[in-house]
């Protein structure tokens, strides 16, 4: 048995230490050591600690290639910053240093190399060459400049309307709105050969995004300087070769000489600025309405009603509890830190302050129960046939899986419709949701009583789908789309252009967020969009509220269905230049916690 002396150094900054399990495996040319838990008497891996351990191998490892570190959760998640590892071979030879200098977050495995710098041509070991390649591939999936390279291109603009952080706005345009006087001649150059705007409207290939809800919203003042907003209309065309592309943009709801219609054949900077203004409106709508109101605050209604009206032993309480975990806590933080009078939105977003309240109130008053159900939502918007609408396809798969899961669970405890009708706690619960949670929504469309199992199953499916898949769709990609700030600016510092020929690069730069606003937008979208260290994936229930075998069988079927969806999505994304993985079940959190 060969014995190696291993030294592990923990970081010196605050919170660098960990109470999680740490394992090490030494990898040499001739094999691997035993996977060894690093555990000395007393506390290990304290801030600034340099701890020594013994690691055994049944045979000599030969020249050491890698040190494999693994961190596993112990009770609660606790990140760890490792500075370096040193390894002294048997017999007291020269110790080798393996620099790490990185955070280990979550249940994670990392492999680190000895500290000597090596160019590609210096590596002769096939194992080290493979490690070098795998390291870069992993980093390239995390650190992507896709957005920065393609944000000016029309196809990329259209792609984000389908699969960006706000994929619920696009709708089929059967006839042009009266306040958007686009003529066929204006857009003829953007259409496929031998067709016209009228033909494409009739064929169902013209789509519209209308930000009328932004019209007249009060604007923010940041450091004494007024900020600006717009209420654009954007016409898009599903081109047979180019995919979905924008073909006309009007930056206000009232046409006129000061509100021109921007076109792809306009001066390039004018067309670019028009698209930037649309994307700026997109930031406001997706953060405040699609994300905050339609997921966070909506699920809060279910959370409060469940806590108020259902005892912990009730099957619906047990079903919902894992999907309501931490939601009240994060919503309270959002109210005090994000959308408060002195919060981040007031400091950096053009609708911060009074504007976000007005905007949210407008959306709240037109919110409908049907729009929260994917099948109805896509039909209502006429968006059932759009190609490469991955958000739609994945949403419908997840909705079906969740609906089937909920139906199975409810059938364990409610044999017939009368069981639902005659459950007084359940009826008080729905009354709380309808009359307290959505009391000021005249067109919401949710009854204050449950008449059958089907209504209960649909309502619970809405709650779970919204707190999982829908939140993931709007939250998880926001850093990808917003980190390159010109693609989705949080504010604009100059009014919309009134003369297409007068747009300059200086005007664009003066309109975009300044350096401090840019940095804050990047920071907040990273913080909100990043995977949480203690995230629980969809369908995983570490807190086992249900103990009955029948319920466990339903949960197992749900997990199997989610696994099949995961494999389908991964297969579908193979070879795609721009993969859509925000609704991969393993990346969907079981509740809204951020």
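Heads up, the Cβ atoms here are built off N, Cα and C, so glycines get one too.
Given the structure is predicted, the values throughout are model-derived calculations rather than measurements.
Straight from TrEMBL, the features:
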type	residues	note
BINDING	17, 78	Ca(2+) 1 binding site
BINDING	39, 40	Ca(2+) 2 binding site
BINDING	291, 296, 471, 594	Fe cation binding site
DOMAIN	2-118	domain 'PLAT'
SITE	103	site 'Essential for stabilizing binding to COTL1'
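What TrEMBL annotates, mapped onto the structure for a quick look.
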{"residue": "17", "record": "Ca(2+) 1 binding site", "CB count, 10 Å": "21"}
{"residue": "39", "record": "Ca(2+) 2 binding site", "CB count, 10 Å": "13"}
{"residue": "40", "record": "Ca(2+) 2 binding site", "CB count, 10 Å": "11"}
{"residue": "78", "record": "Ca(2+) 1 binding site", "CB count, 10 Å": "17"}
{"residue": "103", "record": "site 'Essential for stabilizing binding to COTL1'", "CB count, 10 Å": "16"}
{"residue": "291", "record": "Fe cation binding site", "CB count, 10 Å": "23"}
{"residue": "296", "record": "Fe cation binding site", "CB count, 10 Å": "21"}
{"residue": "471", "record": "Fe cation binding site", "CB count, 10 Å": "25"}
{"residue": "594", "record": "Fe cation binding site", "CB count, 10 Å": "18"}
Going by C-alpha distance, which of the recorded positions 40, 103, 471, 594 is nearest to residue 17 (Ca(2+) 1 binding site)?
103
Tell me the Cα distance separating residue 291 (Fe cation binding site) from residue 40 (Ca(2+) 2 binding site), rounded to the nearest angstrom.
46
Is it possible to list how many residues within the domain 'PLAT' (2-118) are helical, extended or coil according to DSSP?
0 helix, 64 strand, 53 coil
Taking the Cα atoms as reference points, how far is residue 296 (Fe cation binding site) from residue 78 (Ca(2+) 1 binding site) in Å?
26
Cβ within 8 Å of the mean position of the Cβ atoms of 291, 296, 471, 594: remaining residues of the chain near Fe cation:
292, 295, 330, 474, 475, 528, 592
Please report the distance from the Cα of residue 78 (Ca(2+) 1 binding site) to the Cα of residue 291 (Fe cation binding site), rounded to the nearest angstrom.
28
Please report the distance from the Cα of residue 291 (Fe cation binding site) to the Cα of residue 39 (Ca(2+) 2 binding site), rounded to the nearest angstrom.
44
Between C-alpha atoms, which of these recorded positions comes nearest to residue 39 (Ca(2+) 2 binding site): 103, 471, 594?
103
Could you measure between residue 594 (Fe cation binding site) and residue 103 (site 'Essential for stabilizing binding to COTL1') for me? Cα positions, answer in whole angstrom.
20
